[in-house]
Amino acid sequence: MGDWHPESWQKRPAKQQAGYPSKEALDGVITQLSSLPPLVTSWEVDALKNQLAAAARGEAFLLQGGDCAENFTDCTSPIITNKLKILLQMSLVLIHGLNKRVIRIGRIAGQYAKPRSADSETIDGVTLPSYRGDLVNGPEFTAEARVPDPVRLLRGYGRAAMTLNFIRALSDCGFADLHHPENWDLDFVRHSAMADKYHKIVKDLSHSLHFMETLGGAENPEINRVQFYTSHEGLHLHYEQALTRQVPNKTGFYNLSTHLPWIGFRTAELDGAHIEYFRGIQNPVGVKVGAGMSETYLQELVERLNPDDEPGKLVLIHRFGAHKVADGLPGLVNAVQRTERNVLWISDPMHGNTESTARGVKTRRFENILSELSQSFEIHKAEGSVLGGVHFELTGDDVTECIGGARGLDETGLERAYRTQVDPRLNYEQALEMAMAIVENQAAK
Ligand code: PEP
Ligand code: CO
């Protein structure tokens, strides 16, 4: 790593970066950010890496989920709590059904920068730079809002810190106590079929817990709190660089803005700036894998991102789409197997299944999401590999962005509460239903 440094990415072509009008203003912000305290610790990062190694061996299962993009205005108690609630509920369903430890990772506390397919957007003959996430510019279609403003980096850091502070407090005390899973119930689903099924699972788990504690004679303190990790796409390399630090008594550099940063599908170029930055950090790193990537390319990527073949270091997040996964995935799984290197494969069944309705509304179908997932489990099994986790775009709120699920949400129903500025998310019920479907699907095998 002699030639690597947190800034060495700057010598490579960087895609999807913000074009700031003033380099001085950006440099000033980066200097400030570089002196602020980290958001996570190296011990947490190392602990996560160990857990991901277990998932790669099939001994644990990774549940990663959250918004496509967090907004600064979503840094509120109900929105954060609801997201935590749905992820905790889904994890209970998975623990119960898969009989494995579940590693929970939110797309949260830093998921503020977005890659865009076009650099600009034209509405009614007016062309402005695209919205690149709250970390960069504003979503409003005005020239002023769309100018990248580096002060947003400080605001994003602040929002991430506030979000994480609240998550840590909730994870560490009464709220997260498995003896009181009623704390995780969401009000508006009291009458849902999903809720009945879920409460049966909770009852079953509570009985087992009670049985264990009676047998052991004491409560297990690990049951009173939960571990919850964070992740975001490491797209904005100035932000990532500013939070990349050395820590006493450990070698190398850690990205201490999040536990698991990942490289998006549009920026995973072998000689590009993102791979250069990611190859040098100690964190476990994710990379999106999908249609169009060749076997040799993926083999090279695995070598560059995990040169020492550390278990738990590299998470390959595949996202093909329900109609492409059967063609694309087996070859890539085999190619990685031929390298004889450790990776954790997980499925993102969202990003290959985005479509537009006749009215031009961006959506995803529950059935396609589930189909890609079921096919992925089967493909890994058939190839002698392990699908060790799932990656969802979801929210704990009652939005209407994806079609289908038990309530039969249809195209016209999307209008009721379509809130996303970027990709469509599973709502609370659809997310819980998805967790149950995964378990049923696996039980049927
Ligand atoms: C995302 O995860 O929001 C995303 C943009 O995914 P991908 O890079 O796979 O397109
Ligand atoms: Co997305």
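Keep in mind that glycine also has a Cβ here, set from the backbone N, Cα and C atoms.
Remember, predicted model here, so these are calculated numbers, not experimental data.
Copied from TrEMBL, the annotated features are:
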type	residues	note
BINDING	Cys68, His351, Glu393, Asp423	Mn(2+) binding site
BINDING	Arg107, Lys288, Arg319	phosphoenolpyruvate binding site
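Cys68 (Mn(2+) binding site) and Arg319 (phosphoenolpyruvate binding site) are 14 Å apart (CA-CA, integer value). Non-local contacts of His351 (Mn(2+) binding site) by the CB criterion (under 8 A, 6+ apart in sequence, same chain) comprise Phe265, Lys288, Gly290, Arg319, Asp423. When the binding-site residues Cys68, Arg107, Lys288, Arg319, Asp423 are checked against ligand 2, Cys68, Asp423 have a Cβ within less than 6 Å of one of its atoms.
Other Cβ atoms within 10 Å of the Cβ of Lys288 (phosphoenolpyruvate binding site) number 21 in total over all chains.
Around Glu393 (Mn(2+) binding site), the C-beta neighbours below 8 angstroms that are at least 6 residues distant in the chain are Gly65, Gly66, Asp67, Cys68, Arg107, Met350, Asp423, Pro424, Arg425, Leu426. According to DSSP, Glu393 (Mn(2+) binding site) sits within a strand segment. Among the binding-site residues Cys68, Arg107, Lys288, His351, the ones whose Cβ sits under 6 Å from an atom of ligand 1 are, in sequence order, Cys68, Lys288, His351. Compared over the binding-site residues Arg107, Arg319, the count of CB atoms lying within 10 A of a residue's CB peaks at Arg107.
Between the two most distant C-alpha atoms of the annotated phosphoenolpyruvate binders (Arg107, Lys288, Arg319) there are 16 Å. Within 8 A of the CB centroid of the Mn(2+) site residues Cys68, His351, Glu393, Asp423, the other residues of that chain are Met350, Thr354, Val422, Pro424, Arg425. Residues Arg107, Lys288, Arg319 make up the record's phosphoenolpyruvate site, and a Cβ search at 8 Å around their centroid adds Glu233, Trp262, Gly264, Phe265, Gly286, Ile317, Asp348, Met350, His351, His391 from the same chain.
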